Amino acid sequence: MAHTGQADGFTGLSAVVQRGQTARLIAAIALENTQALPRTSFILRLSSPIRGPHMELVVKSVSPETLKIATLVVTVSESRMLAGAAQVVDSLSGGALSAVLKRGDLAGKSGQSLLLTNLPNIKAERVLLVGTGKDGELSDRQLKKLVGGVLTCLKGLGGSDAAIVLDDLSVKNRDTYGKARLLVEALADGEYVFDRFKTQKAEARPLKKITLLTDKLSVADVERASAHAQAIATGMALTRDLGNLPPNICHPTYLGEEAKALGKAHKNLKVEIHDEKKLAELGMGSFLAVAQGSAQPPRLIVMNYQGAKKGDKPYVLVGKGITFDTGGISIKPAAGMDEMKFDMCGAASVFGTLRAVLELKLPINLVCILACAENMPSGTATRPGDIVTTMSGQTVEILNTDAEGRLVLCDALTYAERFKPQAVIDIATLTGACVVALGGHTSGLLGNNDALINQLLDAGKQADDRAWQLPLFDEYQEQLDSPFADIANIGGPKGGTITAACFLSRFTKAYEWAHLDIAGTAWLSGGKDKGATGRPVPLLTQYLLDRAGV
């Protein structure tokens, strides 16, 4: 992915097929005085990134005042009219909550909180009173912010457990299942920490368990929501872990090893790793052109999950896995280039979605294809003006080597045909133009089938992981015309996200297809929150939940 609207990363020593002396010399210099060892010796094996939230989550239907816990969380709006659990606590404690509200200690504004201790007739050691705003009805974003604030407060206390009264939270356009799922996902998001390379780890917090309180009729819905949310959170954590890893560790070979480990842990997951030789046999000239400048060999990773009948057509997810993107010969500016380790977040999100599907044991068939390579400049790198032949037989004139994502994806999309899919969705940090158009809140969505597009848009709304459709009109295709090949890999400065999707559409005529451009949503830049976001795992998992009907 490039910083511009037109276009869309160097690690350990590897024995590369016909790579040439230059690439081997670069690898040797990078390793300095390290003696030559087998390739696997240079893969730093970390603890597996496959993990979930640290806290235990329990769903109960009991009266909140009877719970013997460290902290009970209750809510109050700006009207200061006590209701639900707050009203019960106030009554049993002799008006303790009414008194603090009357004094003006809490205005009820969204996000405000007040801690009360040792209230009479209340078994909880503490009561955390939390404001929910003017009318007490929260948006999705407000709920997540409120939950994040509550979690921060709870972590700062000495208690090991807490309870949240779910029924007292009102969220716009959300039923019990919907608000419970958002709440649990927000709790898990607040628990995520990436500190593997910190020599001093964050101090362990005592909070170990959170209980969600609801009425008896809603227990099943809340338990279902919690299970879905925790699976999604586990997938997002894996996606974030892979995205946050440095590129000298997370290269194509490393991702292949992670796929193998996942396959060994699940009997219904078959994993194939295709190396350079196999890619050449398949005729993936476009994919290989991107990888040829790097000492790191490319990998096409195929993970085939069988959760339904053998004959059922699978859904296919295709992820862009450029583990570091310098831009190649069309090299990027130095500023911010460190963030190009995130150019594999499309592949990481496919890993994460598959992890969620495995945890939920969805009754579907799912194929995940990851096109993994590094895009590096060297004496063996692809040059602007080179022409390559794709797996489909179409020829491509490479005008900009920084438009590399579409070059690996086009061969992966052609490869997907062999699975006779119900639908194919590719996920890629593809264009800087998408960030310009939609910013960092919404993923770009394009495709060749309106029903599929609408299903994904709806899934994004349900999961609070939104996408926005951009046009894929035939008129844009003309921008990709080349005087020397069937197609050019860029279409000029205008409509960069659309012309990138137009390029991909040339390779997706055999099936229903959608393209998610996550260049603006896959990671956050700068500051203390810098890092992978885990998106669009919620959207993709919701889409598959809807297809599975669970």
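The backbone N, Cα and C atoms fix where each Cβ goes, and this holds for glycine too.
Curation does not apply to TrEMBL; its annotations are automatic.
Just so you know, the Cβ of Lys332 (active site) picks up 19 other Cβ atoms within 10 Å once every protein chain is counted. Taken from TrEMBL, the feature active site applies to Lys332 (among others).
There are 29 other CB atoms within 10 A of the CB of Arg406 (active site), with all protein chains counted. Taken from TrEMBL, the feature active site covers Arg406 (among others).
Here TrEMBL flags Lys320, Asp325, Asp343, Glu404 as Mn(2+) 2 binding site. Over all protein chains present, the Cβ of Glu404 (Mn(2+) 2 binding site) has 34 other Cβ atoms lying within 10 Å.
The Mn(2+) 1 binding site annotation in TrEMBL covers Asp325, Asp402, Glu404.
According to TrEMBL, the feature domain 'Cytosol aminopeptidase' maps to 400-407. Long-range contacts of the domain 'Cytosol aminopeptidase' (400-407) within its own chain (CB-CB distance under 8 A, at least 6 residues past either end) are made by residues 1-2, 4, 6-8, 286-287, 289-290, 320, 322, 325, 327-332, 343, 346, 373, 375, 381-384, 388, 428-430, 489-490, 500, 503-504.
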*State the mean pLDDT for the domain 'Cytosol aminopeptidase' (400-407).*
99
*Looking at the recorded positions Lys320, Asp325, Lys332, whose Cα is closest in space to that of Arg406 (active site)?*
Lys320
*Just checking the binding-site residues Lys320, Asp325, Asp343, Asp402, Glu404: which sit within 10 A of Lys332 (active site), CA to CA?*
Asp325, Asp402
*State the Cα to Cα distance, in Å, between Lys320 (Mn(2+) 2 binding site) and Asp402 (Mn(2+) 1 binding site), rounded to an integer.*
14
*asked:* I'd like the number of other C-beta atoms within 10 A of the C-beta of Asp402 (Mn(2+) 1 binding site), please.
replied: 25
